[in-house]
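A short worksheet on the structure shown next.
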């Protein structure tokens, strides 16, 4: 309720005027930013700044122990460092070794306990000189993130601090060789680029996904997510006395007991445990979508005894030893029996807790999982990084499994230790087994969700609000160039050399997945004013890897959240236009060390301001990777739009009998009306089956019968169960809708000319089977015509601007030459009306009365197509039919940069979508220009996020900011896909499902060729 009141207050202040004013750093913050940069430069060498190096070497931490909140820990740790009884420098740090975890935790607590900034700086310099590099990096970063006097300081990207952990060891070796040649005067080049192709040894399937799994931006993101699990609020770190049993129970367990007693704060239900599960579900869903885009099936189940996943990372630690890898067939039974049994035991205990509904605390208290805090409890148990209610019994499943599956060799001496990538938070996402492991973790999460009551019609309905249509501009992915500074591995560079830039600069050149910025438009009718409505947008698969339609309710774990925002709805018609770059929970590219340094230096010299970057603007998921890689002919997905009230959610928590165990007898299952269900909720409980189990209830709304016949998302609730003919993949034939064989029609989104067969999407008007057959015949004729045209075509550049017609569903057949199309907004009179043809010149004859495009000019003399007419006033249409991949694209899309066209239609201004031009391509990428982009250095004007997003994160601990999880109204993360959805829930008018295609433009892989 407290959060609801705050939300209403923000709405009253005008959430529709969302821009956040940038704040410039003062001199104090600039100095601190300078200190952090210098302490993290060339971390395996002495500090380049001689003043800091001398400070660290001369500081006597023991004699200054009174300057810390816990002097006993200072004396204990400093004595161990002086005696050489801590991890030495030059060896690789990993959380898998208990002693190393202890040392880094003590250092973190010391840094956090420094009473003032100067003491903190001296301690950091001392640790930088005397402590292991990996331990220092983790403790120092965590302390800067947590301390109040270092807020708004940002770090260099982890792949520039430790490039050895992210780039192939051969690239690192080449950079070091270049540095040696420079010192010998054999190389006078000032700027040297080393092309990087991801060369980890992977299976064939995983190699296709290397653009995602080996992405260094993804690794940097997950490094922070992993670190956040070990960061606790500052007041919890300063315990000077051991906790009594009563204090322990109150601090760790008490908040959950209060929830059971009815003291509920909806926003407080979203803690680290819930975020841990949600962020990993989202990461896994993105990986699954990219698998699907590449024609691969679901993630394979992991076997703790026999691991089938080839991986040789070709990465190395500071000691020069390469990280451990795995052969294709790894037998662990003979060498890791004890660890295998331990991991299996932890998993069984978690499954038992989910099935029984209760977690046992060290005091013998049974704590229910089926309560508002249940998600937090379960997530904390699985992660096991200090928040678990019973760490002795439940351990840390994810940490133990990483150690097992990583296959690092057992050693007795730290100098010989080489951890696996899986054990290092900053590179774990590079290992394919990471995703197999987290599929098992997500299976636990889904097992828990299946025992929660499903969302019903009453739970999701927003009375009087109807989403009439959703238009999405073109979704196009591409590979863009990126450069990584390798200064950390290219020898010592003095501060004077840094300032004068006298040494040559060695950088790695990579290609990374990105996408063009896009917009979407939501047409909403509301019968009354609805202040502070929350709009959530998800993206998920339309078909499985075999081409069969999926059920959203049964596959909600495969959907990713693209956007969330507050919208005031007024009575009548509402048109919402949203820019992809405004989305919260996503971050632009991380600024490089040199960019940060230049910004600080310029601000110190008063040349230009150094703007403060908020944590949520830099620690969220990479915006570049928010869309899965598209396909030349279009990758079919679903856009799911949900509008909900900002009122608190009132739903039961069960547990209910899972579907696989339900007999549907009357004592277990009942169908009730909307009114009956509302009465049951108002009474505070659903009927009990017995033993604390709630009865399974399904609501029958009045519109369900029609929805089962007309709404494809509702029809697909049963997925492929009632489909007579199975579809094929990838996208070469239309999937027969659920219920095929009845006297029915279905919608067709577009007919595209495809190199290997035609593809029919679904959207727009209802077409009969006969019409579809006619369309397919036309498609074959057009393919023959296009083949002749292609013989004389030449390559051209694309620019972009979207031209939209009426608000009703778009209609028409599409024949495209690239991820762009012209589409008629007129009502179809026949199969061929609205045919979109791009780049075909006059003289093409054969197909008649295809109204939709006029004045399109290109290659002459092709016989077979005639009378293509329609869109007028579009100067500058690209000449010639090019790259005829045959994508059918919904929306009236015209390539970026074209002039305004069809009179009477609605045009989306090109200025609403900002981006960065990719050199030599004429295309625009969005990763660098996402809202909150650092310093506005990439383009002007800078897109900014809504004010309410900053308000949301303002008072949260940093561990709950990192990762980008957000719920503006306090509902569960991922709502309403945090639970299964009933048929009635899918039929509410404030939920809309839109079919979309994601295209890929440019080179098909991220390889760099010379």
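Glycine is no exception: its Cβ is also placed from the backbone N, Cα and C atoms.
Under the heading domain 'Hemocyanin N-terminal', Swiss-Prot lists 30-151.
The domain 'Hemocyanin middle' annotation in Swiss-Prot covers 157-445.
The predicted model assigns the domain 'Hemocyanin C-terminal' (455-648) a mean pLDDT of 91. Summarising the annotation, Swiss-Prot assigns domain 'Hemocyanin C-terminal' to 455-648 and lists sequence analysis as the type of evidence.
Reduced to three states, the DSSP call for residue 197 (N-linked glycosylation site) is coil. Look at Swiss-Prot and you will find 197 tagged as N-linked glycosylation site.
For 1-16, the entry in Swiss-Prot reads signal peptide.
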Cβ neighbour count within 10 Å of residue 197 (N-linked glycosylation site)
16
For the domain 'Hemocyanin N-terminal' (30-151), residues assigned helix / strand / coil by DSSP:
82 helix, 2 strand, 38 coil
